[in-house]
Amino acid sequence: MKVRVGTTNPVKVRATERAFLRTFPDREITVEAVSVDPGVPPQPVGMEEVHQGAKNRAREAWNRGSYSVGLEAGLIRVGDVYVDLHVAVVRDPKGRETVGTSPGFQLPPDVTEEALSGEEVGEVFSELVGVREIGKRSGAIGVLSNGKVLREDLCELAILMALIGLETSR
């Protein structure tokens, strides 16, 4: 089974492979990373923007006969605060799309403030903790949770939630 993921970020590529292996344990899975333009700002804010980025990534990566995955992280307002979460769009070989999300978590207020002014959460956090390209490693969640939850876990969960939609739409 061929799966194309609309990113070259190794965390998202590994999460895609993990989710598909869990969903299709008897199939051989080949994941191909595809560089695409998500068509949204580098730091999406609001569910509409985050979903649009994931959908654009899935559509740009898709080829008939294969699955594709689009993953986008962003800030979503919940009451008076923002949470960081991932949205996944999975497109099946026939072009049907389903959506899933990861759990969300609250960022420190200063990080949220900088992100809302246009800075990427990953870049702000990289500077804060002195780890280059943290979004391609444990992510902000890895630091905040002391390694209990990693960005790869959040990405995998979002994809698994989207794959449930494909199972129930058959």
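One is the number of the first residue shown, and numbering goes on along the chain from there.
Glycine is treated like the rest: Cβ placed from N, Cα and C.
Values in this document were obtained by computation on a predicted structure and should not be read as measured data.
As recorded in Swiss-Prot, the features of this protein are as follows:
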BINDING   T7, T8, N9, P10, V11, K12  substrate binding site
BINDING   D37  Mg(2+) binding site
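Cα of T7 (substrate binding site) to Cα of D37 (Mg(2+) binding site): a distance of 9 Å.
V11 (substrate binding site) sits 18 Å from the residue listed as 'Mg(2+) binding site', counting Cα to Cα.
Here the binding-site residues are T7, T8, N9, and the one with the most other Cβ atoms within 10 Å of its Cβ is T7. A count of other CB atoms within 10 A of each Cβ picks out K12 as the most crowded of the binding-site residues P10, V11, K12, D37.
Within 8 A of the CB centroid of the substrate site residues T7, T8, N9, P10, V11, K12, the other residues of that chain are V5, V13, R14, A33, K136. In this structure, V11 (substrate binding site) is part of a helix by DSSP. Each residue contributes its Cα atom, and for T8 (substrate binding site) and D37 (Mg(2+) binding site) these two points are 11 Å apart.
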